[in-house]
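Peer 1: Structure below; questions to follow.
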Protein chains: 6
Amino acid sequence: MFYVDKRLQFPVRVETPNPVFARALQQAIGGVEGEIRVAMQYFFQACGARGNPKYRDLLMNTAAEELGHIEMLATAVALNLEGAPLSLQEEAAADPVAGAVMGGINLKNLLSAGLSAMPVDSDGVPFDMSHIYASGNIAADMGANVTAESTGRILATRLYNMTNDPGMKEMLAFLIARDTMHQNQWLAALEELGGHETVYPIPNSFPQSEENQDFSYAFLGFQRDGSEPVQGRWSEGASIDGNGTFTSRPMEPMGEEPNLGPARENSGAQAEQL
Amino acid sequence: MFYVDKRLQFPVRVETPNPVFARALQQAIGGVEGEIRVAMQYFFQACGARGNPKYRDLLMNTAAEELGHIEMLATAVALNLEGAPLSLQEEAAADPVAGAVMGGINLKNLLSAGLSAMPVDSDGVPFDMSHIYASGNIAADMGANVTAESTGRILATRLYNMTNDPGMKEMLAFLIARDTMHQNQWLAALEELGGHETVYPIPNSFPQSEENQDFSYAFLGFQRDGSEPVQGRWSEGASIDGNGTFTSRPMEPMGEEPNLGPARENSGAQAEQL
Amino acid sequence: MFYVDKRLQFPVRVETPNPVFARALQQAIGGVEGEIRVAMQYFFQACGARGNPKYRDLLMNTAAEELGHIEMLATAVALNLEGAPLSLQEEAAADPVAGAVMGGINLKNLLSAGLSAMPVDSDGVPFDMSHIYASGNIAADMGANVTAESTGRILATRLYNMTNDPGMKEMLAFLIARDTMHQNQWLAALEELGGHETVYPIPNSFPQSEENQDFSYAFLGFQRDGSEPVQGRWSEGASIDGNGTFTSRPMEPMGEEPNLGPARENSGAQAEQL
Amino acid sequence: MFYVDKRLQFPVRVETPNPVFARALQQAIGGVEGEIRVAMQYFFQACGARGNPKYRDLLMNTAAEELGHIEMLATAVALNLEGAPLSLQEEAAADPVAGAVMGGINLKNLLSAGLSAMPVDSDGVPFDMSHIYASGNIAADMGANVTAESTGRILATRLYNMTNDPGMKEMLAFLIARDTMHQNQWLAALEELGGHETVYPIPNSFPQSEENQDFSYAFLGFQRDGSEPVQGRWSEGASIDGNGTFTSRPMEPMGEEPNLGPARENSGAQAEQL
Amino acid sequence: MFYVDKRLQFPVRVETPNPVFARALQQAIGGVEGEIRVAMQYFFQACGARGNPKYRDLLMNTAAEELGHIEMLATAVALNLEGAPLSLQEEAAADPVAGAVMGGINLKNLLSAGLSAMPVDSDGVPFDMSHIYASGNIAADMGANVTAESTGRILATRLYNMTNDPGMKEMLAFLIARDTMHQNQWLAALEELGGHETVYPIPNSFPQSEENQDFSYAFLGFQRDGSEPVQGRWSEGASIDGNGTFTSRPMEPMGEEPNLGPARENSGAQAEQL
Amino acid sequence: MFYVDKRLQFPVRVETPNPVFARALQQAIGGVEGEIRVAMQYFFQACGARGNPKYRDLLMNTAAEELGHIEMLATAVALNLEGAPLSLQEEAAADPVAGAVMGGINLKNLLSAGLSAMPVDSDGVPFDMSHIYASGNIAADMGANVTAESTGRILATRLYNMTNDPGMKEMLAFLIARDTMHQNQWLAALEELGGHETVYPIPNSFPQSEENQDFSYAFLGFQRDGSEPVQGRWSEGASIDGNGTFTSRPMEPMGEEPNLGPARENSGAQAEQL
């Protein structure tokens, strides 16, 4: 279960409110690379963690941290929206960034939320919980978490580059550092699970003898002209999982032309299809 | 640009049509772990690939392969739906799996698609293109692709375990093998980009000196009782990116209690908030 | 503006309540082929109709009719849900169709709506107003309406084939007839707009001299082997719009390999891409 | 910021795992009446609370409680899924509830989550954060919260009625009690804000002199036959907000037939509309 | 069933078209606080109303009114879009509000709808029918309607404050008045259902003796430091429903640490989890 | 299965990058009128085509072409985003179109995709695969395709009118021509299926004797005042399908006032409803 402390994890201050930057920050709250996503992803992964209970702890702790990050960002959005124009007439005068206009802010932050943050992305699209990946496979989950933190850190650096506000840069420098740690943390968990040669292919509990092993380590080319596909680490040498050797070749069809036959009576098809 | 061959990449045959299994296969088409997702993800990553053009080729080729996998699965769904009951009266007689009923199939496959596949998951939820991750950062994209293929292979093994149909097992054994290769292929691309110590933290183009380095390699605990967080590879030793040393400690708030002050006039707040 | 009459457009009665059929009927309410879609589509087309005001009238009247169809179907859903099991224990006894189980009904009709209809499809997916097509072009709108009524009638016939309940068959026979009329009605509007040779290509207000006329009537093949594409009415003879002559040929690339160059500084790309 | 305790708020135990009931419980996690909704709603309302800071505290505390409720329910889902069939062949034997079949469970719980909970509703539809209402008006927010807890308690009682499992009944009896408190709690906040005559109409900061007061307390009828609308507390006596007196009458149009005129050149309309 | 009158409920005129205001008005059509929501919510509540039929009438009449409000707003959007720039070149000249640019309008109103309204919110996000709350419980529905009208009136006052156009202010002053009435109307229905002490806790048909009454009127604190939670009307005195007495205390966990045990064979987990 | 050629179908060049136009082009990628929609629609229609296999070929070939169109447009978006401001400070200087500001571009193209295209519309709303219409009825599918190409061509002409960039006009002139052909192509397929009198009403396999023929060709009016509905081709003469004669009349209710009776015990209704 969860408890709260009234204080923020890290100070949030805005020297010059900028409602266009508030719109950009919304991506870090409700975008697919944002903090709602990681908070809820770690939380649901924890709730479904089977096997060694240490991963449940690891995940639930970081979920708690990410909830605090949403809180920081939501505060930052509200502070940046102070001073946003409330009428189309005052906009030229009131707007702190020359050239930024009413149209440049996310109108829902004003119309729906009264100058506060919302669980939406920078275009006002609500976050959708289908982005919570919790597979029941601890290695796949850790990999998904590295990915989430990678795109999260990319986003945070883009936001950092977008603003000159010292308070905002300070907050983002903290969040970027946490993303550095979290990338490393989930990679460390994968290492603890045995590293590449133990972990992959995920799931490692499925016997590879049952897969069609002629195609397990073959890089296939689909160039129309039948040319050899582009070469690289993926086309020769030992496979990364250590269980095979990479080869490469152009691919030709092995199946037939599919034919579903005529449609059934009463299935709503056109008479010509029966 | 794209070309087609009328034949399938691999043979698809169904010995005993099973409409409940058709529903399960829909997850591999339109689920977040499914083939539409990887086909479109590699395609959009390719379209936005900047830098070394070999990655564009690599991605676009695999996108072409995944389009062929959707085609295979869509054929398998249609074949499994042959024999599905078209009326509530015939269900008991017509259903090939004892106990599977009209309610157990995805009704939209019948009502909307006339016994064919749809771009939806096993619960009939349409695939939503927000799941296409193409970050503009080649390393983040490759990591996202390992993740996609990991959950994809997990799904394929679950489907494999669910059916006894020889044709379906054969098709899935092929798809599982391709997922093995694709996991390895994207890991190989990450290795070619320099491996863990070069690649991470993503993006590696952001100067770490600008992040708040006190928090870059610290595993923070958020246990209510202030106890030390769970220990592991993530709490001591060199960080995975080679740029720091892991530490761990319980976290205390560093910020203040946030206070947004009174609401503005004309912002739609209640009078008591002004 | 709108007014109501308390009575239904056509009688709705259910002899034998069937909660699985209630689930199927939901597709006709909140599916993409359903009545919410047409009601709202005609309504928004009417609200945006420019030019001859008779089309506004035509559309708004039919919107009113479709609202009444939602009402009829929602009543039918509620009546079919009477008798649905409210507990997992009573299901075997209470279910009027042998073999249909709690799992076969749409649980939200029970859990969220208390045995009533919802604006969702047969899988419980909410209707999404992006399916309302109102293009600002009256001919495109009429075409979209023919399409909507075509899929609507297909759905209604599939539902008709699925039930033996005399009341339900009677209601559906009425709705199928209305779909027949509505298909004809929108086709008649297209005829009044001048028929194929005047209407197409939509929009007919764009000067065809500005399109790349080398490709306006050429059926292009994308077979990998460069073979001639499949022949038919689309590959020879006068075009349907009367403005050209169909030809056909295999297609070859006319563009170059796209190259976006290196990524920009500060854009969050990996260092290797700069 | 947030902290965690490893223990659950209330014990969760399942005597007889029932995967169909797991599906039903999903509605209490990811349904629009569910716990994700209230947790995130109170959290975002707290983050945007302006004026008296006590409401921020009130909201944030209850958000913390609701996070713990998600955790309880997610545990209950996972425990109910133990024993779910993993193959279509074992279903008849393995299913603990006679008659419940593979088709009756939510396949994504198995295929995507490996027998764990997901942030989706009982039909597998992901929760969408547009359901988080945080208006920036404290009274509107409190009213929305009463509503959320009302539908939440309805759902919980329906789930309670659906199961005979003693552990599940015990857990739900606790959650129902909390919903009782939370309904009362938000009603108490509305009372503290002054009760009906101070709070309404929301927002009370807008001067009623600027609204069209001829229509502020008139119950209007839209019966096609022009008959008097249905009478009740809403049609006579003092208005609930104490600022007017209810009247009632049939409504007639006061506006004209709208006419948008011809379409503009280059707007993509059909030539006939210009 | 429904009928139409060609005229609008109230006159709609726009003196100075303003395409940015058109974008804002879209929130009142397709936002979650908008008119589609209330029209469809009252309609579906009416269709599912069981018990005293007067509520069906009350709801259906108001649904008819709200349909007319969508029509008014859609007309207002179209009128405000007249004069919007159709090319990126003419924008500076053609834009009636200095500083408002092509980027500030909702591009889909132009690209998809040809200068007409759409069923989307001010950010172009389509309305999603999951926002239609119809619970089958008449009191919960009435409460949801008060909430909907509260956020609706907040939105309308924000729009009123945003514009100086006399025609738009007149239309909004009418809509605000109707929202005043509708708030009062649904509150009146709750009063007719017996007021707070009869209505709550919703549903009042569930015997409170079956809930865990130790927690029915206790305000629980989740402060990390175990401090007493914030005091108010919710922490002492009679409960609002009249059935208990408020108390308050910090909350401690009553459950155990959840442990799901090892993963099952064939469930797609990693070998280390089995 | 699919193959790729590295080159584009048609040259894509941008003389003056314009990030606001990039936003507009996104509608042609991920809008409901866009290329993802047609590519995936033709693909799924092909996969489910029963009856004469020539339609499968026809559809699959055009699907391949549309994939190439997405590629062209994605390239155009990326090229237009070159030069977009990466910080709020540089915007005034860097923006190639006077007056276009950071706020006028789609922030996700920058924050999520690093200056590349995304599968979203011009407002950043992700494409949703529920827009793929594949009905299992070949005539309905062809009609849906005419509709898709009609709205597609309208969109392309609006984009053409919006830009002065010679490269972009050239690309769009090509795409407009292809839309001309594709409209004609699907109309030609309908002609080959027999033309209006054979094709309609769709599905033509349902015996019209079973529909309620009193209403199959009657244009019904729903004017509140009972006046005759608007006359046109739809109100007299032979029906378009050749199977009847149009008539018209005002509509009166034929059903009763629906009455669902009291709510069931344990269904979560309010006590007053039982």
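Count begins at 1; order follows the chain as displayed.
Using the three backbone atoms N, Cα and C, a Cβ is placed for every residue, glycine included.
So TrEMBL says this about it:
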BINDING   A:Glu35, A:His69, A:Glu149, A:His182  Mn(2+) 1 binding site
BINDING   A:Asp57  Ca(2+) binding site
BINDING   A:Glu66  Mn(2+) 2 binding site
REGION    A:228-274  region 'Disordered'
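Context for these features, please: burial, neighbours, distances.
Peer 2: Its Cβ taken as reference, A:Glu149 (Mn(2+) 1 binding site) is surrounded by 29 other Cβ atoms within 10 Å in the chains shown.
Using a 10 Å Cβ-Cβ cutoff, A:Asp57 (Ca(2+) binding site) registers 21 neighbours.
Reduced to three states, the DSSP call for A:Glu66 (Mn(2+) 2 binding site) is helix. Cβ neighbour count for A:Glu66 (Mn(2+) 2 binding site): 26 (other Cβ atoms within 10 Å of its Cβ, all protein chains included).
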Peer 1: Using the CB centroid of A:Glu35, A:His69, A:Glu149, A:His182 as the Mn(2+) 1 site centre, which other residues of the same chain sit with their CB within 8 A?
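Peer 2: Surrounding the site, in chain order, are A:Val38, A:Ala39, A:Thr62, A:Glu65, A:Glu66, A:Ala148, A:Gly152, A:Leu175, A:Arg178, A:Asp179.
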Peer 1: Checking A:Glu35, A:Glu66, A:His69, A:Glu149, A:His182 - which of these binding-site residues have a CB within less than 8 A of a chain D CB?
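Peer 2: Answer, by Cβ distance to chain D: none.
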Peer 1: Should any of the binding-site residues A:Glu66, A:His69, A:Glu149 have a Cα within 10 Å of the Cα of A:Asp57 (Ca(2+) binding site), which are they?
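Peer 2: None, since no candidate lies within 10 Å.
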Peer 1: How many Å separate the Cα atoms of A:Glu149 (Mn(2+) 1 binding site) and A:Glu66 (Mn(2+) 2 binding site)?
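Peer 2: The Cα atom of A:Glu149 (Mn(2+) 1 binding site) is 11 Å away from the Cα atom of A:Glu66 (Mn(2+) 2 binding site).
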Peer 1: If I take the alpha carbons of A:Glu66 (Mn(2+) 2 binding site) and A:Glu35 (Mn(2+) 1 binding site), what is the distance between them in whole Å?
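Peer 2: So the alpha carbons of A:Glu66 (Mn(2+) 2 binding site) and A:Glu35 (Mn(2+) 1 binding site) sit roughly 6 Å from each other.
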Peer 1: Which of A:Glu35, A:Asp57, A:Glu66, A:His69, A:His182 (binding-site residues) reach within a Cβ distance of under 8 Å of chain B?
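Peer 2: The binding-site residues close to chain B are A:Asp57.
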Peer 1: Name the residues of the same chain, 6+ apart in sequence, whose Cβ is under 8 Å from the Cβ of A:Glu35 (Mn(2+) 1 binding site)?
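Peer 2: The answer is A:Ala28, A:Ile29, A:Glu66, A:His69, A:Ile70, A:Leu73, A:Gly152.
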Peer 1: Same-chain residues six or more away whose CB lies under 8 A from the CB of A:His182 (Mn(2+) 1 binding site)?
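Peer 2: For A:His182 (Mn(2+) 1 binding site), the qualifying residues are A:Val38, A:Thr62, A:Asn145, A:Glu149, A:Gly152.
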Peer 1: What is the number of other Cβ atoms found within 10 Å of the Cβ of A:His69 (Mn(2+) 1 binding site)?
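Peer 2: By my count, 26.
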